[in-house]
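Asker: Have a look at the structure that comes next, please.
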């Protein structure tokens with residue numbers, strides 16, 4: 001082979017690596033407001049200086065403040081009763097996400113504008129089922145699903161959503177809005193609609209006497225409470241190499257990659273099975289107890305929430321991958337006591353592959369919530385009871401994640417690796433190509449051993465009208481196998 005052949009090979013490797021990086025950015029959510037210029041505009045806009053969020057000082061740190069609300073106390077009577085003013089030619093539209101036509105409009109807007117790469121090679125493929133699952137949690141308010149339309153054509157050109165959640169930040173629990181899917185049509189970025197959308201959803205949330213919110217972004221805004229890093233686990237090497245997601249390493253072969261990322265044919269933990277409705281009370285108690293270990297976490301105050309997030313998206317029919325399935329939730333039932341000892345779950349968010357002669361969809365799974373009782377004191381008796389499941393919450397919460405002794409930490413690491421290994425088998429059998437996870441929860445306990453590779457994206461967590469000390473997102477603790485302090489999974 002002559003020098004020109006070597007150069008061609010090197011150029012091809014560089015091209016494939018850059019293409020893979022583009023897809024990594026999609027999966028990492030780095031371009032989550034459309035193009036890079038639109039994201040930059042939101043981050044630099046003077047709008048944030050007017051909002052009750054911790055401000056970044058000249059040194060790059062936020063100004064010290066006491067933990068708690070930033071704004072002075074208010075009531076809904078203090079809130080403007082009319083919607084904010086839009087630029088000429090646009091109008092507000094409350095979106096009924098249960099209406100098939102309106103949910104399709106949101107789907108099209110998000111797919112074409114929410115996340116994209118520069119070459120238009122990959123796009124998130126939001127399904128109606130995913131949007132229903134994400135936006136209709138118990139207690140949701142249709143008024144918090146806000147669109148902007150062109151007055152003349154009624155075309156939907158912008159969207160933002162909120163759902164009610166109860167959130168705990170260290171010792172304080174309060175109602176909040178989870179804000180998501182802020183999207184402006186890429187041709188209208190110069191209209192500065194994003195700040196107007198944020199103000200409007202804030203106004204509507206405040207009218208319900210809720211004054212705090214949680215949200216995430218791949219860009220730096222004032223001011224992150226914590227940051228997580230994305231990791232990716234290859235499940236389908238031939239396809240990922242073919243579409244440019246995973247360049248073939250020099251000296252390696254597809255066959256070697258297949259062997260490297262192979263998984264067993266069936267789960268290995270005794271009692272590992274799909275979650276059922278009758279599991280909800282036990283799962284809820286176990287999950288709440290587990291999440292008490294983190295500095296920020298969703299409270300999951302009642303079983304309706306648990307049933308929605310882990311069962312409502314299970315799809316139709318039985319066996320294998322179901323029609324319209326969005327979430328996969330599995331538990332471990334003790335064969336002797338019939339206690340639920342573990343929960344683990346993931347959700348699906350595929351990406352459309354544009355302009356590829358063979359493949360049109362990248363099936364991506366994302367780690368969702370999990371919990372295990374191996375870190376808790378054993379129950380007082382072998383008989384199943386809710387009291388046993390709830391026992392010891394305060395003592396574990398006092399220790400906190402990362403505060404367990406070495407023996408308990410090792411038990412947690414071993415159990416999470418076993419649970420994740422079984423979940424990867426389920427994902428592989430369901431036809432997923434890649435499995436994604438952040439460094440939140442205790443994910444660092446298993447990422448390395450389960451062959452997750454680091455992405456180049458980071459997800460920043462934010463609280464609106466709430467100041468708190470920084471919370472560890474685990475992005476620096478992957479090799480140390482140290483859990484994070486973030487216990488909220490944002491879609």
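Placed from the backbone N, Cα and C atoms, the Cβ positions cover glycine too.
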Asker: I'm validating the feature mapping. Which of 53-79, 80-106 is tagged region 'Disordered' in Swiss-Prot?
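Answerer: Spelled out, Swiss-Prot records region 'Disordered' over residues 53-79, not the other listed ranges.
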Asker: Which site among 182, 184, 193, 491 has the most other CB atoms no more than 10 Å from its CB, taking these as recorded positions?
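Answerer: Counting every other Cβ within 10 Å of each candidate, the maximum falls on 184.
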Asker: If one looks at the chain holding residue 191 (tetradecanoyl-CoA binding site), which residues at least 6 apart in sequence have a CB under 8 angstroms from its CB?
Answerer: 87, 90, 184
Asker: In whole Å, how far is residue 491 (active site, proton acceptor) from residue 47 (tetradecanoyl-CoA binding site) when you measure between their Cα atoms?
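Answerer: Roughly 25 Å, rounded to the nearest whole number.
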Asker: Could you give the Cα-Cα distance between residue 182 (tetradecanoyl-CoA binding site) and residue 491 (active site, proton acceptor), in whole Å?
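Answerer: With the alpha carbons as reference points, the distance is 12 Å.
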Asker: I want to verify one value. Collapsing DSSP to three states, which class is residue 491 (active site, proton acceptor)?
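Answerer: The three-state answer is coil.
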Asker: Reduce the DSSP letter at residue 182 (tetradecanoyl-CoA binding site) to three states and note it down.
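Answerer: Residue 182 (tetradecanoyl-CoA binding site) sits in a strand per DSSP.
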